[in-house]
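Asks: Before we start, here is the structure in question, set down as structure tokens.
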Protein chains: 2
Amino acid sequence: MNVGIVGGGQLARMLALAGYPLGLCFQILDPATDACAGQVAPLIQGAYDDATRLEALAAWADVVTFDFENVPATAAQVLEQRVAVYPPAGALAVAQDRVAEKTLFWELGIPTPPFATVDCWEELPGAVVQVELPAVLKTRRLGYDGKGQRVIRTVDDLEPAWQALGGVPLILEGFVPFEREVSVLAIRSSSGEIACYPLVENHHRDGILRLSRAPFSGPDLERKGWDYAQRLLNRLDYVGLLAIEFFVKDGRLIANEMAPRVHNSGHWTLEGAETSQFENHLRAILGLPLGATAAVGHSVMLNCIGDLPEPAAVLAMPGAHYHAYGKAPRPGRKVGHLTLRAADPAVLAHGLKRLLPRVGLEADAI
Amino acid sequence: MNVGIVGGGQLARMLALAGYPLGLCFQILDPATDACAGQVAPLIQGAYDDATRLEALAAWADVVTFDFENVPATAAQVLEQRVAVYPPAGALAVAQDRVAEKTLFWELGIPTPPFATVDCWEELPGAVVQVELPAVLKTRRLGYDGKGQRVIRTVDDLEPAWQALGGVPLILEGFVPFEREVSVLAIRSSSGEIACYPLVENHHRDGILRLSRAPFSGPDLERKGWDYAQRLLNRLDYVGLLAIEFFVKDGRLIANEMAPRVHNSGHWTLEGAETSQFENHLRAILGLPLGATAAVGHSVMLNCIGDLPEPAAVLAMPGAHYHAYGKAPRPGRKVGHLTLRAADPAVLAHGLKRLLPRVGLEADAI
């Protein structure tokens with residue numbers, strides 16, 4: 001079977017590496033000649049809306065998927081006329097617009113922070129009254145890793161935030177003073193089969209995910225998260241892996257955002273779950289039975305931001321696994337991740353203290 | 001770091017897939033344009049003794065390794081003049097000649113069956129007296145998967161065996177009525193660090209490995225096997241992964257043969273050990289710390305001979321993992337393997353009964 005992937009970053013790279021053992025072949029479309037997935041699979045270099053290249057990919061592939069959610073709607077349309085495309089374009093459209101996303105959450109009974117649309121400066125005061133401060137002003141589209149958002153603590157913050165972000169459609173969201181952040185990774189196959197991974201606890205710095213830990217022990221929260229994920233998957237007639245990020249506050253899950261693709265907070269599944277998120281995404285879009293999602297031991301995933309730690313220092317630690325993405329170092333760029341796995345949570349905690357400084361975090365960061 | 005691999009079969013393929021997360025790049029030399037490792041890494045198509053191509057590989061690579069032991073001695077020499085080559089040519093030379101191999105075992109105090117060289121028909125009767133029947137007549141070189149050998153039960157078998165094999169240097173080995181077959185997978189890094197995997201129990205049919213199970217519970221045997229492996233690794237100044245196949249008889253290990261490379265009986269380590277044999281071979285030849293070799297649960301690996309089972313039927317089983325090699329089906333050809341892993345040996349045994357018929361074995365085969 002031939003799988004086309006639009007987008008050639010580390011997610012595409014890890015999808016291909018997970019797919020080869022299933023006997024799959026890959027082609028990747030990316031505008032960058034040095035897209036890191038191109039090191040492990042044939043790269044079609046071209047713009048995401050280049051109809052000729054999209055048609056070539058569609059003609060070759062049995063199924064096409066994405067490694068990012070901001071695929072131009074036109075690209076998804078060109079592809080969908082010719083080949084099976086998962087996740088469905090409708091799910092991409094929802095995920096591309098924070099208002100559509102939060103509106104859908106609300107319709108499905110999934111709690112969200114209060115929110116209001118802000119299309120022009122004049123609408124901002126009304127939104128502040130509706131949402132209440134503190135709040136976060138965000139672009140409706142194309143935000144990621146904390147980009148395209150500003151925290152509004154007082155009315156004095158409004159004008160600078162507007163200067164930074166205004167001119168495109170915005171959303172004002174209530175700021176949630178959360179106790180922790182968690183995510184749910186759920187998969188739905190083209191046959192309708194659904195599976196969910198154990199709950200993941202996430203730690204961000206400056207809007208960028210730095211650390212994920214799983215399984216997170218919280219049976220009630222996990223049950224809720226799985227329930228919410230299933231509502232979303234079924235409503236969207238979703239096929240593939242979907243991630244939902246939640247805030248935890250007073251024993252409640254409050255949905256922050258969803259990602260219609262394999263997700264950074266699921267990288268621990270490569271070693272820490274019976275079947276990785278990458279393999280399960282491929283199984284889902286190919287209509288194969290989903291693999292077991294149970295955790296194998298306890299895992300922590302650490303993102304390598306900017307540059308990679310010395311491999312020898314990491315690999316000398318029992319249970320440590322190294323994932324370089326083949327990307328050049330650059331400040332703020334995700335260039336790899338480490339996973340530490342142990343059968344015993346106490347052993348994991350001990351190893352984690354030693355590993356944290358390797359990725360620029362303090363030994364007592366979590 | 002750039003790693004060259006001479007030989008582009010499934011072992012090279014799995015080495016590359018294990019090496020990408022370490023940030024490695026690969027080039028593969030193989031005479032076949034459709035060598036299956038070429039689906040996952042750039043392929044240099046050329047003969048193993050093509051000096052121009054070997055020089056190009058050596059110029060590009062930081063280290064060169066092999067996916068099979070019968071690399072022409074001239075090829076290893078061309079490479080060694082230009083680049084680090086592991087395992088060392090001396091280990092390849094020993095492994096290429098059953099007499100050199102068994103002589104080295106004997107020197108190191110590693111038990112072997114009785115054996116005698118047979119260079120011409122006239123030497124055969126003397127060898128039979130020395131070794132005693134039943135025995136196995138084998139070519140000294142280029143035998144694999146049961147090819148190039150004949151069992152001699154009575155003197156009547158001598159002439160047909162000679163007709164089939166004679167004309168090249170032979171070895172006559174005493175036939176061991178073994179209780180079981182096991183293998184030891186051991187790694188030595190260029191820094192001299194050594195690690196050994198849990199003992200593996202193997203089942204062959206018609207000379208071809210069909211099933212490996214690990215960890216095999218036999219602490220005394222395991223201690224012996226690890227000791228023998230360490231003697232070999234140190235004597236050969238070995239770097240990389242080495243496999244030794246043993247017969248078990250009356251609580252003793254009797255060495256059958258060694259393979260100076262990653263080994264079919266170590267494929268279970270992809271899911272069943274903390275670090276796979278492929279990653280550990282790469283760590284060793286790059287001078288990186290070796291990864292933990294502890295088993296993660298209990299695993300059985302089943303070879304797919306001739307063709308692959310339907311993926312859906314296999315993947316529907318919890319704990320089952322599918323490894324297609326991207327090779328065309330052909331009778332007797334290893335085209336993939338399956339691994340079944342479970343935390344509980346009873347669960348594993350139950351699943352195994354269901355999986356065995358998928359690879360052409362009876363449900364009660366082991």
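Note that Cβ sites are derived from N, Cα and C of the backbone, with glycine treated the same way.
Copied straight from TrEMBL:
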| type | residues | note |
| --- | --- | --- |
| BINDING | A:Arg98, A:Lys138, A:143-149, A:173-176, A:Glu181, A:His204, A:256-257 | ATP binding site |
| DOMAIN | A:102-286 | domain 'ATP-grasp' |
Asks: Give the residue from the binding-site residues A:Arg98, A:Lys147 that has the most other Cβ atoms within 10 Å of its Cβ, counting over every protein chain displayed.
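Replies: Top count of Cβ atoms within 10 Å goes to A:Arg98.
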Asks: Tell me, roughly as an integer, the mean pLDDT over the domain 'ATP-grasp' (A:102-286).
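Replies: Its mean pLDDT is 95.
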Asks: Write out the long-range same-chain contacts of A:Glu173 (ATP binding site), meaning residues 6 or more apart in sequence whose Cβ is under 8 Å from its Cβ.
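Replies: Expected: A:Arg98, A:Lys102, A:Thr112, A:Pro113, A:Pro114, A:Phe115, A:Val131, A:Ala135, A:Val136, A:Lys138.
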Asks: What's the number of neighbouring CB atoms sitting within 10 A of the CB on A:Val176 (ATP binding site)?
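Replies: A:Val176 (ATP binding site): 21 neighbouring Cβ atoms within 10 Å.
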Asks: Same-chain residues six or more away whose CB lies under 8 A from the CB of A:Asn256 (ATP binding site)?
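Replies: Within the chain, A:Asn256 (ATP binding site) has Cβ neighbours under 8 Å at A:Pro113, A:Val176, A:Glu181, A:Glu245, A:Phe246, A:Phe247.
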Asks: Three-state secondary structure of A:Val176 (ATP binding site) from DSSP?
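Replies: A:Val176 (ATP binding site) sits in coil per DSSP, no helix or strand.
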